[in-house]
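Quick look at what TrEMBL annotates:
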type	residues	note
DOMAIN	21-99	domain 'DED'
DOMAIN	116-191	domain 'DED'
DOMAIN	290-412	domain 'Caspase family p20'
DOMAIN	437-524	domain 'Caspase family p10'
Amino acid sequence: LSAFRQRDCWFHNMENDVSFKFHQQLLLISENLVTEDVAALKFLCTDLLPLSKLEGVKSAADIFKLLMAQEYLNAEDTFLLAELLYRMKYHSLLEKVGYTKEKVQECLHEKGRVSPYRQMLYELSENITSEMLEEITFLLQSHLPKRWTTLSALDLLTLLEKQGHLTKDNVQILEDVCMTVSPDLLETIDCYKKAKVLCCNIFSSPDVRTAAKLLKELGVLLSFCPTKMHKRRCVLLSSEQEGTSVDGVFYFNPRLDVNTWHLKFCSLKRQAFFFSFLQIMKSYKMDGPHRGFCLIINNVNFSRSQRKGSCRDAERLERVFTWLGLDVKTYTDLKSGDIINLMETWQRVQDHKDRNCFICCVLSHGKSGAIYGTDDKLVSIRKLMSHFTAKQCPQLAAKPKLFFIQACQGNSIQRPVHVDTDGPTPDLSSMQERVSLFESIPEEADFLLGMATVDGCVSFRHIEEGAWYIQALCSKLQLLVPRGEDILSILTQVNEDVAKRVSPSGTKKQMPQPAYTLRRKFIFPIPTAPPPS
């Protein structure tokens, strides 16, 4: 009997210890959240907790208590809190509840509780500036209490909901004010409405063929992928075992033909299904018969220098972009005129119309706003990119065009051991005027320019391993594309990688710089093959 009592006491103490640590983590999280964050938490939890109780909330800890009382949150299941922190972009706090950004993304479709409607409103509020809010408040004066003061966009949205002017089925009032104040805000609302209609049609489809057609309208590439890694981004997936639920949407028996597929609504909730497509609709379509062309211009041999290590960069780029599904074409040692002629040739290629995107990588020497041909003559980066505007290349209109430039953008040269720079020997008697990075991009949408370095600075290249920037770019593409990351998130990681590097002398560093006019997220479909080694 004494032994049983001791064991029960031990278990009780262990449970108390776990509970204490859990509450301690919640307190730490609460202390890291300011007043605006508490308001965001309240708004995101509006559909989960009684409004009367939410109105009395003073701190994040108060919300955590309410969530625990409703059994949404406990020491064993912290996902809802992780989702809330993720929505609020507090990724650094996720580890305190046992999650990472990537782990939350993997679980959202199955376990997410914040409704697509609530997410849409929250995202909208994040993009409404104080000036916009003043204009919106003025337009809605007839709907607001006479002495009511608008404190934030979330306050205004909450009031409109309370008055019944705004519901998940009626967002007309938002469309009206956004059209007047900032039409760009309409994209978020339009995505929500389109996804809502199409997903309702999908769930009411009489057969899989009809559902598949509707899925294609959403820009979803119907594909078969047996590996667990890719289930997050595939819709139709083959299953190893008959009758196994895949993402909770489709069951597929590989021994049966397409006519025997049947649609079942099982573990995946309608709202999670809906939101997955809401996210897809905000990305560029990547479901064409071919991914796109990737040009690699690799200038190695110049009259006064050789860019050692550049061939290693070109080979690495070719392997990675081939893995990503692009048709890669490599050109070596082009003079300035040859580069312009090549751009003019590819601008007229009719096959772009069947492609999703276009990518061009240039490895060369450079100066501010320009790259060198092997004849030591400059080609403006803006001129190089302008061949692919909607007017010059209609086949690529509204499609993403990505340019990656590995070249110096300044004249100074400092050569440590084993480290070379991608800039020619400078003429110190003259100084070249610097060109803003954004001046290099054509003045229209759907372009991205990834530069190895900021304007006026050199970029470093190892004479055997290749350029720091290209090494980091290829490495992060291989790591993060399988996780479903978009290109801007990937380039942020590239910046971090390169920024940590230092020359052997310990005195020289480098910072890449992207600039873009993309209108949507650019996400590479996840390849079925493993990344190249």
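Glycine is no exception: its Cβ is also placed from the backbone N, Cα and C atoms.
Any TrEMBL annotation is an automated prediction that lacks curation.
These figures come from a predicted structure and were not determined experimentally.
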Subject >> Within the domain 'DED' (116-191), residues counted as helix, strand or coil by DSSP >> reply: 54 helix, 2 strand, 20 coil
**OP:** Restricting attention to the domain 'Caspase family p10' (437-524), give the mean pLDDT.
**Re:** 77
Subject >> Residue distribution over DSSP helix, strand and coil in the domain 'Caspase family p20' (290-412) >> reply: 40 helix, 40 strand, 43 coil
